[in-house]
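Database features (Swiss-Prot):
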| type | residues | note |
| --- | --- | --- |
| TRANSMEM | 3-23 | transmembrane segment |
| TRANSMEM | 39-59 | transmembrane segment |
| TRANSMEM | 77-97 | transmembrane segment |
| TRANSMEM | 106-126 | transmembrane segment |
| TRANSMEM | 128-148 | transmembrane segment |
| TRANSMEM | 163-183 | transmembrane segment |
| TRANSMEM | 199-219 | transmembrane segment |
| TRANSMEM | 227-247 | transmembrane segment |
| TRANSMEM | 254-274 | transmembrane segment |
Amino acid sequence: MLILGVGYFLLGLILLYYGSDWFVLGSERIARHFNVSNFVIGATVMAIGTSLPEILTSAYASYMHAPGISIGNAIGSCICNIGLVLGLSAIISPIIVDKNLQKNILVYLLFVIFAAVIGIDGFSWIDGVVLLILFIIYLRWTVKNGSAEIEENNDKNNPSVVFSLVLLIIGLIGVLVGAELFVDGAKKIALALDISDKVIGFTLVAFGTSLPELMVSLAAAKRNLGGMVLGNVIGSNIADIGGALAVGSLFMHLPAENVQMAVLVIMSLLLYLFAKYSKIGRWQGILFLALYIIAIASLRMG
């Protein structure tokens, strides 16, 4: 099992690395072709694509009458996206935040606060429908109000949109399959080393559903595509709440997770306050990363 686990682990890592790079490259070229900003692509196409694991996991968990896993996966992934994904991305490449991005972050913050308020007593199917509708409205608003910052000489030399779309799809498949193999391989290694199921579930499964966002955002950060990173994080969080959590609540009532929601609100508020200064730099990234580690340690101790 150990050898098989190492093989899955390494193959998953390779697919994650190249898949995320192709996904970002295809997304960037499509953004230029359709004259939309990197943020819009990040908040829509990339966010929905990388949030598929969370949406499917939460929906299936609710269907199988495991509400704690359903809501924990959705909210935990949101915390991971800000603390780990955005934190590491900002450390690699500081993110410049213009007025338009600040407005998007404010909308995101209000969405999170609204979700926290209606979820004080848990999430019913009515709450799920409301969040799902707000998610759809957000997507339309983002696309409609997104303004691109395109250089004039980019259009002529770009490959065709079909090639870019194929690159995007292959990259997304690589990321999703790679994440599954990576986590499965890590589980096999852990079991072979007699690590408990509880530790495996708490660490690897929770981290695994956020791997697509992490790898895609790091690939974008290496290309200095800060808007795409921010769009992916914000869009993924809205998709996790308005998609994963909302769909999960349609199958059964989800319990309140006020501590996790409070952590998410605080981290989202810090994100907005940092963005007001027009830059999320390395020190902010280190702070987000530290807060994520503290939050995970506190939740585990609780």
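Positions of Cβ are set from backbone N, Cα and C atoms, glycine also.
Long-range contacts of the transmembrane segment (106-126) within the same chain, counting only residues at least 6 positions beyond its ends with a Cβ under 8 Å from a Cβ of the stretch, are 71, 78, 134, 138, 141, 234, 237-238, 241-242, 245-246, 248-250, 253-258, 261-262, 264-265, 268-269, 271-272. By the Cβ criterion (distance under 8 Å, sequence gap of 6 or more), the transmembrane segment (77-97) is counted as touching the transmembrane segment (254-274), at least 3 such pairs being found.
Stretch with the largest number of CB pairs closer than 8 A to the transmembrane segment (3-23), among 39-59, 128-148, 163-183, 227-247, 254-274: 163-183. The stretches the transmembrane segment (128-148) and the transmembrane segment (227-247) are in mutual contact, each linked to the other by at least three Cβ pairs under 8 Å (pairs 6 or more apart in sequence).
Using a cut-off of 8 Å between Cβ atoms, the transmembrane segment (39-59) and the transmembrane segment (227-247) share at least three residue pairs, counting only pairs 6 or more apart in sequence. Same-chain neighbours of the transmembrane segment (163-183): 8-9, 11-27, 29-30, 33, 45, 49-50, 52-53, 204-205, 207-209, 211-212, 215-216, counting only residues six or more beyond its ends whose CB sits under 8 Å from a CB of the stretch. A Cβ distance under 8 Å defines the sequence-distant neighbours of the transmembrane segment (227-247), meaning residues of its chain 6+ beyond its ends; these are 24, 27-28, 31, 37-44, 46-48, 50-51, 54-55, 57-59, 62, 70-71, 73-75, 77-78, 81-82, 85-86, 89, 93, 95, 97, 101, 104-105, 108, 111-112, 115, 123, 127-129, 131-132, 134-136, 138, 142, 213, 216-217, 220-221, 254, 268, 280.
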